[in-house]
């Protein structure tokens with residue numbers, strides 16, 4: 001892609017998210033979401049592949065539906081209360097409609113079916129943007145919505161953690177595994193959205209760092225399937241020995257960074273008398289941990305079936321800069337001892 005066009009599209013992504021962040025009016029927030037969607041669509045179709053075109057079409061239809069529902073809900077709220085302010089929603093009907101629209105935008109279960117299919121049709125760089133940056137604007141709106149029905153949030157959160165863990169079990173495509181991983185992590189964030197919004201933000205930022213390092217590992221090895229990943233250890237042995245730790249951090253295994261948000265969320269749920277919800281969330285985390293262990297097992301203890309005409313991955317050196325990956329990987333694995341310091345920074 002032409003670098004000038006790429007720069008304009010990336011600036012459009014930043015502008016759309018910034019407008020949504022800065023808005024207190026529903027029309028302005030909707031405008032920022034639309035700018036964000038229109039800016040990423042050319043990035044999704046830049047390779048002119050049929051799967052990319054199909055993924056872009058699915059993404060556009062889904063986001064347009066969610067945006068239309070958001071606009072309809074804000075109009076109903078203005079009709080009922082005479083207010084267009086985001087924080088002035090009081091009627092349960094528009095609040096429920098906005099919550100469903102934003103859940104559809106970020107891919108919460110049961111509105112998740114588009115996310116694995118769209119992510120599967122994209123290259124790893126655009127998939128990284130879709131999995132991280134595109135979540136910021138809807139979450140900014142979710143954090144401003146008060147009060148949301150707690151029962152609705154609990155159902156969405158538990159269903160997302162269950163679907164995210166269950167859906168990733170039999171996947172061989174790495175992008176679909178990351179899509180279901182995203183759904184499961186979003187469920188954890190939604191569970192404490194009402195009681196501890198700062199903890200939701202911490203979980204979102206931790207998920208961004210872990211996903212960033214995982215995508216960079218796949219991009220370095222040009223890996224899109226588990227078999228390709230299993231054959232990539234000869235290309236960067238030191239990195240591939242650390243990659244299972246990154247996957248296990250995504251699964252929330254101590255003593256890695258990914259354990260920190262799950263630990264704090266379970267503690268918060270228990271403190272608010274939601275021990276059954278915390279127990280169910282912890283049990284669904286075992287499903288996610290299983291397919292991360294499966295990836296780690298495939299990388300370290302198996303050899304991928306290769307034919308004689310296949311290209312050996314270690315013959316080609318990667319031109320990717322290793323500094324962002326090194327920083328992201330270190331953060332993904334080593335932040336857990338700083339948990340007391342991080343919790344003191346969170347507003348009570």
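Backbone N, Cα and C atoms are what each Cβ position is placed from, and that goes for glycine too.
Bear in mind that the values here come from a model prediction, so they are computed numbers and not experimental data.
Per TrEMBL, domain 'NADH:quinone oxidoreductase/Mrp antiporter transmembrane' is recorded for 23-287.
Marked as domain 'NADH dehydrogenase subunit 2 C-terminal' by TrEMBL: 289-342.
Annotation source TrEMBL lists transmembrane segment at 60-80 (among others).
Annotation comment: TrEMBL describes 92-115 (among others) as transmembrane segment.
Feature annotation from TrEMBL assigns transmembrane segment to 151-170 (among others). For the transmembrane segment (151-170), same-chain residues at least 6 beyond its ends with a Cβ under 8 Å from one of its own Cβ atoms are 96, 99, 103, 108-110, 112, 116, 176-177, 180-191, 193-194, 274, 277, 280-281, 284-288, 290-291.
According to TrEMBL, the transmembrane segment annotation covers 177-193 (among others).
Positions annotated as transmembrane segment by TrEMBL: 199-218 (among others). Same-chain residues lying 6 or more positions outside the transmembrane segment (199-218) and placing a CB less than 8 Å from one of its CB atoms are 124-125, 127-128, 131-132, 135, 139, 143, 174, 178, 181-182, 185, 188-190, 192-193, 224, 229, 239, 243, 246-247, 249-250, 257-258, 260-261, 264-265, 268, 320, 324-325, 328-329, 331-332, 335, 342, 346.
According to TrEMBL, the feature transmembrane segment maps to 230-253 (among others).
Listed as Cβ neighbours of the transmembrane segment (273-293) (distance under 8 Å, sequence separation of 6 or more from its ends, same chain) are residues 154, 157-158, 161-162, 164-166, 168-169, 171, 177, 180-181, 184, 187-188, 191, 247-248, 250-253, 262, 265-266. For 273-293 (among others), the entry in TrEMBL reads transmembrane segment.
Annotation comment: TrEMBL describes 325-346 (among others) as transmembrane segment.
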Stretch-averaged pLDDT - the domain 'NADH dehydrogenase subunit 2 C-terminal' (289-342): 76
